[in-house]
Every structure is written in C-alpha cells, then in structure tokens.
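Chemist: Have a look at this one.
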Amino acid sequence: MAHGHDEHAPIEHEAHHSHAKLYVIIFFILLVMTGIEIAIPIINKAEIVVKQVEVALLLGLMTIKGAIVMMFYMHLKGDRRMFGTLFVFPIVCVLLMMLGFFALFQPELW
Amino acid sequence: MAQAVVRDIDKNDPGRGLDLRKLGMWTFLGSEVFFFGALVVTHLSMRGVVAPSSSKANLDVTGVRNLFGDNVLTSILAFILLTSSLTMVLALDGVKTNNQKRFRFWLGATIACGVIFLGGQVYEFYHIVHEGVTIKNMMFGSTFFFVTGFHGTHVAVGVVWLVSLLVSAIRHPERYNAGNYMAVELGGLYWHFVDLVWVLIFTVIYLI
C-alpha cells in the first residue's frame, strides 16, 4: 500500500519513509540533557563551581536542547532556509536581550 | 515594468514553491518568540522585586522553586511536555507513512500530555497563590504569572487545536494522509514551539 503495490489501497499518495527510530533517539538525548540541567543547581548547592559557570552551563544546555527540537522535531534541518531565518533571527535577538538583562539586573551572575 | 513583474508571478504558485500556510506559521512563530522574549526579560528584571514586609506573601523566586522540593513538579512538567513533543512528531510520522492508527494514537497521547501539563500548572498556581503570591501584590508575582500563564494559555490553545485535528481525523478517515498532512504539520509546529518556550521558561525562571 505504502509504495503503490496494493491495487485496493484507498490512498494513492506514496508514503514517506518512517523516521520514528530517530525521533525516539532524539527524545532520549533531550531527556538526558534535561536530567543534567535539573542536576546542575542541586549539585552546585555545595558551590563546586562559581554561579557564573553554572548559569553558562544551563544557558548552553538550553540552547542546544532548543536547537535539537528545532532541527529534528520542527524539521528545520532540511526544510527551506527562509523558514529557519524567520524563526532563528528572533531567537538570537531574544537571547542577546536576555543576556543584556542578566547583566543589567542580575550582575551577581556575571 | 510593474506589468512585467506581475506577469512573472505564476498565478498557480504565488509563493514560488514556498507553501504559504507554512510560511505564515513560521512568521507567526517568529513573532511569538519576540512576545515571549519580552515577557521573560521583564520577569528577569522584576523578579527581585518581592512583596513589602507588610504583605502576607511568603515566597520569592527561590521559594517558588522549593515549594515542591528542588523543582520536582516543574521537572515532571518538563518531562511531560518533552514526551508530548515526541508523541506529536510520531503522529506526524504516522500520517506521513499512511498509518492512520498510529497517527490517531500518538495524536491522542499528545493531547493527554497537554491536559496533564495544564493540570500540573493549575496545581502549582494554586499552591503559589495559597502562599500569598498573586498577580497583583508584587512585581515578582505579576511577571511570574504572566510568563507561565501565557505559556499555559498557549498549551490550552494547542490542546484545542489537536483535539479538532483528532476529531476531524476520526470523523473523516483518510482525510489526512501521505499526500495531505499540512494541517497536521502546522499543528505540530505550534506544539513544538510551545515545548520550546517551556525549555526557555524552565531554565531561565526555575533553574537559574
């Protein structure tokens, strides 16, 4: 049916190849990264590293997680570049704005 | 000159190969990034402004995090939303591979995750308000409830959207298939965006 071999199939469109396995692998990667994110502030209660390093690690993990979701779940990887530009440009602006506000209003994190 | 330009545009393909519905959705999501970005940075600048000592509020930003242990509740919510992103992309994979059963099952699972998330958020809000932090008695509360509340509203809109897709798929089997899945893809893009916003909120508001 999927490739048009079944003459009685109600659907004439050719089915795409499934990427379910890749999506599950991506999910586990995101899960592990989220676990690390949650663990960092708990472990660092003993102030193993300075707060600035902790914040940098958390923001780095957040950015990587976001990029993975966009590339694989939102299919920006392989889609038209224009869609990516429309979405990523505001994200870059917001991240820069956020860093600026951290510097202005929470200088202890710098 | 202008006529020549008009002539060059194919009336059957005004987007010149771009799907205009998808282009519209990405533009909308881009504007939503600015919207949530503005809310989050406002929270960052105001979260230190807690209630005056005369207020009965017992919580500040650290208190909210510790209300359910070390972010236990919000970590569970993060896990649920992350799982819903997987189920949504599996639903899209199901429709793209013409597997209607798988499509409907994973779409239903995504809706269930969304409803559980909303329930968890209502539970969290109830306890925070019970501790005296409200949307109007201090800037920390105002910005906190605005950011998380708007995100919750987006989740609720997403749930309604996905329910309408599921009902439509059940009432009209084979409506969505490998040749016609744009409606599912657009719903999925919105849902993944909601997850993406939670990735930001979870890190910036609850962890940092």
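In case you wondered, yes, glycine gets a Cβ from its N, Cα and C as well.
Per TrEMBL, the feature domain 'Heme-copper oxidase subunit III family profile' maps to B:22-208. Positions annotated as transmembrane segment by TrEMBL: B:26-46, B:72-92, B:104-123, B:143-167, B:188-207.
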Chemist: Taking a Cβ cut-off under 8 Å, which residues six or more beyond the ends of the transmembrane segment (B:143-167) line up next to it in the same chain?
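Modeler: Sequence-remote neighbours of the transmembrane segment (B:143-167) are 35-36, 39-40, 42-43, 46-47, 61, 64, 81, 88, 104, 107-108, 110-111, 114-115, 117-118, 121, 125, 128, 133-135, 176, 183-184, 187, 190-191, 193-194, 197-198, 201, 205.
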Chemist: Can you check how the pLDDT averages out over the domain 'Heme-copper oxidase subunit III family profile' (B:22-208)?
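Modeler: It averages 90.
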